[in-house]
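Here is what TrEMBL says about this protein:
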COMPBIAS  59-69  compositional bias 'Pro residues'
DOMAIN    80-368  domain 'WDR5-like beta-propeller'
REGION    1-74  region 'Disordered'
REPEAT    80-121  repeat 'WD'
REPEAT    122-163  repeat 'WD'
REPEAT    164-205  repeat 'WD'
REPEAT    206-247  repeat 'WD'
REPEAT    259-290  repeat 'WD'
REPEAT    291-334  repeat 'WD'
Amino acid sequence: MSITMDVDGDDYKPADDFSTTNDYEESPPQRPSSDGRDSVAPTALSPPPPPDSSAQTPAPVPQPKPDTPYRPNYKAHLMLSGHSRSIASVKFSPDGSMLASCAADKLVKLWDSETGDIIHTFEGHTEGVSDVAWSSNGDFLASASDDKTVRLWSMEDYTERKVLYGHTNFVFCVNFSPSSTLLASGGFDESVRVWDVSQGKTLKALPAHSDPVTAVTFNHDGTLIASCSMDGLIRIWDTESGQCLKTLADDDNPICSHIKFTPNSVFILASTQDSTIRLWKAQTSKCVKTYTGHSNRTYCISTDFAPGRKHIVSGSEDMKVYIWDLQTREIVQVLEGHRDVVLAVASHPTRPMIASAAMEKDLTIRIWIDQPMNGA
């Protein structure tokens, strides 16, 4: 089943959502012939009419070139080193000027995405850090840690502004709402917590899953929260009421590692530990596309829409980064260079740039830039 994706509108849908009826134009009335006889409408068996020598031959109309899918050509651009333990997450700032990373070394680092220079290292967590997230205005960075806290860091003066207490086990994932007034987090206590950012207090604690929560995310207007878990379920929650509106699950129930709403919130991209990425239509609870070819059986590996949102990008346990065509599901590029499992990937918000990060035997963050072939 194919879908057409329009990142700015609500019209990327499965093909069966489109009308299949054919439209026909009404034939124009026949004019009398020049010799006074009525013209007879041609049929499929009629011989072609003789050429009209008085008519001027029209200039040939240039035919458009076939619309071939764009194939990216990402090349290694920068290699960033600084973490001393496995890197769990990388995220570009909303304006793309900075890249945040976190690792099992208890640190959160801030990098210049253009030069690769380190800007600041945030210290404060007492255990490894599993996730980072930017506020939509870029003023704050949130981090989730095995020390059972979420910490908020100010980008104005690079200080720790708040420590959010409430989880009773490792905090594994975190994300801001689009308005940056709310924060959602999930972890090994199997709950999703919704926080008031300004107060630093829990608004809701949702008994979300029966296993650790691996990812949380808001939809485009903040009215919905989606969560996924090692229990294999994706759940969609009403932000205001905390009510569970829908549960998405595959028959085989593989561990779900990571989820992300598409820009118009119609679909959810989900990475699962059966070496598959699925695109779910939230409203119908149907999986409309699957992407395979990478390796993911053990670790929670993130996935994202590559810049331009016509491709999907993911890390892999075979030390590579995979890029698929969103529509055809074909692998269009494999990026090699890391020397360990690639856990984290992130796409630049405005430029054709991807960041990836790997585990213990590598410990690097790599920046890749798309260099179109043949000037395409």
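Each Cβ is built from the backbone N, Cα and C atoms, and glycine gets one as well.
Note that TrEMBL annotation is computational and uncurated.
Each residue of the repeat 'WD' (206-247) gets a DSSP state, and the totals for helix, strand and coil are 0 helix, 22 strand, 20 coil. Same-chain neighbours of the repeat 'WD' (80-121): 127-138, 141, 143, 145, 153, 158, 302, 343-351, 353, 355-360, 363-367, counting only residues six or more beyond its ends whose CB sits under 8 Å from a CB of the stretch.
Mean pLDDT for the repeat 'WD' (164-205) in the predicted structure: 98.
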